[in-house]
Amino acid sequence: MVFAHRMDNDQPPVVTATLLVPLQNSSCAEAAEALLPHGLMGLHEEHSWMSNRTELQYELNPGEVATASIFFGALWLFSIFGNSLVCLVIHRSRRTQSTTNYFVVSMACADLLISVASTPFVVLQFTTGRWTLGSAMCKVVRYFQYLTPGVQIYVLLSICIDRFYTIVYPLSFKVSREKAKKMIAASWILDAAFVTPVFFFYGSNWDSHCNYFLPPSWEGTAYTVIHFLVGFVIPSILIILFYQKVIKYIWRIGTDGRTLRRTMNIVPRTKVKTVKMFLLLNLVFLFSWLPFHVAQLWHPHEQDYKKSSLVFTAVTWVSFSSSASKPTLYSIYNANFRRGMKETFCMSSMKCYRSNAYTITTSSRMAKRNYVGISEIPPVSRTITKDSIYDSFDREAREKKLAWPINSNPPNTFV
């Protein structure tokens, strides 16, 4: 049995029963060619031509490979370091352990997942010009590439709902930590089930290639449209509507159409800054992943491997840039996160409220263990004027009595 496959997966494989003749010399080869049907010979020649064409067009210039490697390497390092720092700061610092930061940790874990399980293999495929890890690994890499944006956009929708009820309806509904954990778990589980068809669509009958896009069959096209609507368009519209209501409430637009001054707003300034940060975070995420979904709907033909690889690498780099930008936004717009980073870098459970040096003494170690001590300092003998029968209040002596004893020339270190 001889199996002839088309490279673009448009048609099912053609199966034709032929006589297997050992091609040991040219005469036997000619005899075998005579036994093959004309249609199968055409597919065989097309397959050979496509293989040669692939080897020619799949080779990339050294400049393209070097440029892509530098940009992806910088984003990869920044994403790994930044998102790991986000998880570490929220874990160590109590000031950052809020309900909203549960969602932030979930997004950081999703960014770490795509940084480890997807992006390095995409760069490897682009730089080497072929896929060398097999069809099963191709399915796994593409699965994680579809999983993480869906999880993140629904986590962002959960944050939007939390901000909406916290600011607009603070007494009617509250997103507690248990509810936040359930919302995060639902986002991961539902999206993990929703992107399982990727295992069936991706992969190729050619072992040295991993498809960049979904196949152009009607099943692949239908799933692409459904994934674009459910995994991007609908949650994006809901996010925009919720934030529109939040912004409208912050600026206090009354029923009579009169806008109040911002200084008269009852919303705390810290919550306004949080809304600004997450609004900017949503915009960066949506604009970063929009090219990826558009490329799945409209993309170069899979046979043009060089063009498809360049387009796929470009949209992957743009979408991956959102993973590296999130820690930067947290550090710029969130003062508690900056303080948490200072506490984390101090490598101590004691919080660093000051940036200057702190003198560590025996008394300060006692204070760290919540001991309170008062050193009895004998008062200085002094002559008291007998103008009154009452002693005058001496503030300096009282302060000396309550002062900590400090040794001479104590060592200066950072907590």
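Glycine is treated like the rest: Cβ placed from N, Cα and C.
Annotated features in Swiss-Prot:
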type: TOPO_DOM; residues: 1-69; note: topological domain 'Extracellular'
type: CARBOHYD; residues: Asn25; note: N-linked glycosylation site
type: CARBOHYD; residues: Asn52; note: N-linked glycosylation site
type: TRANSMEM; residues: 70-90; note: transmembrane segment
type: TOPO_DOM; residues: 91-102; note: topological domain 'Cytoplasmic'
type: TRANSMEM; residues: 103-123; note: transmembrane segment
type: TOPO_DOM; residues: 124-152; note: topological domain 'Extracellular'
type: DISULFID; residues: Cys138-Cys210; note: disulfide bond
type: TRANSMEM; residues: 153-173; note: transmembrane segment
type: TOPO_DOM; residues: 174-182; note: topological domain 'Cytoplasmic'
type: TRANSMEM; residues: 183-203; note: transmembrane segment
type: TOPO_DOM; residues: 204-221; note: topological domain 'Extracellular'
type: TRANSMEM; residues: 222-242; note: transmembrane segment
type: TOPO_DOM; residues: 243-277; note: topological domain 'Cytoplasmic'
type: TRANSMEM; residues: 278-298; note: transmembrane segment
type: TOPO_DOM; residues: 299-309; note: topological domain 'Extracellular'
type: TRANSMEM; residues: 310-332; note: transmembrane segment
type: TOPO_DOM; residues: 333-415; note: topological domain 'Cytoplasmic'
>> Considering only Cβ pairs within less than 8 angstroms, which of the stretches 103-123, 183-203, 310-332 has the most against the transmembrane segment (278-298)?
In response: 310-332
> Hey, which bits of the same chain come close to the transmembrane segment (183-203), Cβ under 8 Å, at least six residues off its ends?
Replying inline: 102-103, 106, 135-136, 138-139, 142-143, 146-147, 150-151, 154-155, 158, 175, 210-211, 214-215, 219-220, 223, 227, 230-231
> Any chance the transmembrane segment (310-332) and the transmembrane segment (153-173) are in contact, meaning at least three CB pairs closer than 8 A with a sequence separation of 6+?
Replying inline: no
> For the transmembrane segment (222-242), what are the same-chain contacts with Cβ under 8 Å, counting residues 6+ beyond its ends?
Replying inline: 146, 149-150, 153-154, 156-157, 160-161, 163-164, 191, 194-195, 197, 201, 214, 282, 286, 289-290, 293, 296-297
> Near the topological domain 'Extracellular' (124-152), which residues from the same chain, at least 6 beyond its ends, have a CB less than 8 A from one of its CBs?
Replying inline: 58-60, 65, 68-69, 106-107, 110-111, 113-114, 117-118, 187-188, 191-192, 194-196, 198-199, 202-204, 207-211, 227, 231-232, 285, 289, 292, 309, 313, 316, 319
>> By the count of other Cβ atoms within 10 Å, pick out the sparsest of the disulfide-bonded residues Cys138, Cys210.
In response: Cys138
> Mind checking which residues reach the topological domain 'Cytoplasmic' (174-182)? Cβ under 8 Å, same chain, six or more beyond either end.
Replying inline: 99, 102-103, 158, 161-162, 165-166
>> Using DSSP, what is the helix/strand/coil residue split across the topological domain 'Cytoplasmic' (91-102)?
In response: 9 helix, 0 strand, 3 coil
>> Given a Cβ distance threshold of under 8 angstroms, which distant residues of the chain, six or more beyond its ends, lie next to the topological domain 'Cytoplasmic' (91-102)?
In response: 159, 162-163, 175-177, 180-181, 184, 274, 336-337, 339-340, 343-344, 351
> DSSP helix, strand and coil counts for the topological domain 'Cytoplasmic' (174-182)?
Replying inline: 6 helix, 0 strand, 3 coil
